[in-house]
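Feature annotations, reproduced from TrEMBL:
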REGION    1-75  region 'Disordered'
COMPBIAS  11-32  compositional bias 'Basic and acidic residues'
COMPBIAS  41-50  compositional bias 'Basic and acidic residues'
COMPBIAS  62-72  compositional bias 'Polar residues'
TRANSMEM  124-142  transmembrane segment
DOMAIN    126-422  domain 'Sugar phosphate transporter'
TRANSMEM  154-175  transmembrane segment
TRANSMEM  195-217  transmembrane segment
TRANSMEM  250-266  transmembrane segment
TRANSMEM  313-330  transmembrane segment
TRANSMEM  351-373  transmembrane segment
TRANSMEM  393-422  transmembrane segment
Amino acid sequence: MEEVRIEDETEVRRDSFENDHGRKRTPSGDHRHSSRARSYSHSENERYPSTDRTLPHRSSFGDGSTDGSVANDSFDAPRSYSHSEMLHDPKHLTINEQELIKITQMQVESKDATPENKGLLEKGAVIFLFLWYFFSFCTLILNKYILSEMDLNAQFLGAWQILCTTVFGFIQLRLPCGQTGIGRAPGRKSVPPNFLFNMTIGGVLRFGTTILALLALKNVAASFVETIKSTAPMFTVLITWMMLREKTGFWVSLSLIPIMGGLALCSSSELSFNTIGFMAAISTNIVECFQNVFSKKLLSNDKHKYSPLELQFYMSSAALVLLVPAWFFVDLPLKQLYIGRGRRRHLDRHILMALLFDGVSFHLQSVTAYALMQRISPVTHSVANTAKRALLIWLSVLVFGNTITVLSGLGSMVVLAGVVLYQRACDAEKRRRAEEIQDQSES
C-alpha cells in the first residue's frame, strides 16, 4: 500500500489558553505532536480527510472514536507520557508537569532505598535484631543447662547444633514458606556460578569458628573469650575494607572504641590466661569476622544473590561435612559420645527434649543472624553482636544468679553509650556523603 508523507509545522489548534502560571500552551495531547512528521496510508487519508496530520493517535481520543469526527472535549483528556519522553524531552512540559516529574522521581528513589542504607532504622532490621537477641539468649540458657546440669560433652553439643541447623534448614527450604522471603532469592532460577567454591569457603569458616570456639572454652574461661571477642568491630572494619572495599569514616571508627572497651570491662572479672586458649580465642574472633563479611558479600551480590536461609543451610552442610569426621576421629572415640566429665550419660527422653529445643533455638538464631546481615552492614552487625554479648552478661546474672562487679556495670553503660555514639556517627557519615554527591552533581 502506497504511503504519503505529509510535513506540517503548524499546531493542531490555534485557540491556545492560559494555564495556571500565565504561560500559553496548547491543550493536552497536541503540544507533543505539533512539529512531528508521520507517515499515513491511503486508507488513513480517506478516514481522516483533514490536511492537518498532527492529530493525536486514535487511542488517545477522549470519546474513544476512531473516525475523523472528534469531540471538542476529547482534547481535554490527559495524555499519558512514557518515562523516556518525560526525561528526554522535558521542554514541552509545563511547570506543573515538570514539578510532578521531580516529585515522582524523589518518591521512586525513596522507595528504592535499600534496607542496608537505612541500617537499624529499617523495620525489618529491628524485628530480626530482636529475634536474634531472643534466640541467642534461649540458646545460651540451653547450652549452659545441657553442659552444666546434664554434663554432656561440649564437642558433641557443637556437632549436634550444626546437624540440627542443617536438617531444619533443608526442611524449611522445602516448605512453601521457604520459597519466598528469606527462603529463596528472588529472580534466580539457576545455580549461581562458583556455588561449590563459595559454599566450601563458607563451610570452612563456619567449621573453624565452631572448633576454635570450643577449643577456647576448653582452655580458658568464657569471660576471657568474650574479652577477646570485644575486638570484633575493629577486625570487621579491616576485613570489610579488604573484601568489600567499603571505607569506614573516622568518627564511625572512633565510636567503636567505647564499644570494645565496654565489653572488655564487662568480662574482665575472673580472667585466666592460657596460650592455647588465647590463640584459639583470637583465631575464633578473626575467622568469625571473615565469615560475617563473606556472608554479607554473598547476600548483597546483585547478580547472584543468596537468601539468608539458603546461605545458612548450604554453609551449615559444608561445615557438617568437615565437623563430624574431625570430631569423630580426632577428639572422641565412638563410645564416649555422651560422656561428660568422666561419666557416661544415656540419652533419655529428658535429654532428647533438651537437645531438640537447643537445636531448634540454634537454628533460628543462625537464620535470624543471616537475615539481619542482609539488611545492615558488617560493621553494624558486629556492633550489634557486641551489644548482644553485653546484654547476655546481664541476663545471665538474672537467670543464673551470677555475681556482678562494679566493672561489669560500668562496662555495660560504656557499651550502651558507644552504641548510641556509633549510630549518631553513622547518620553523620551518611549526611556527609549525601552532601558530597549533591555537590558533585551540581558541579
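The backbone N, Cα and C atoms fix where each Cβ goes, and this holds for glycine too.
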Original post:
Does the transmembrane segment (351-373) make contact with the transmembrane segment (195-217) through 3 or more Cβ pairs under 8 Å, each pair 6 or more apart in sequence?
Top reply: no
**OP:** Could you pull out which residues elsewhere in the chain have a CB under 8 Å from any CB of the transmembrane segment (393-422), counting only those six or more residues past its ends?
**Re:** 137, 140-141, 144, 226, 252, 255-269, 380, 383, 386-387
Original post:
Looking only at the domain 'Sugar phosphate transporter' (126-422), what is the mean pLDDT?
Top reply: 78
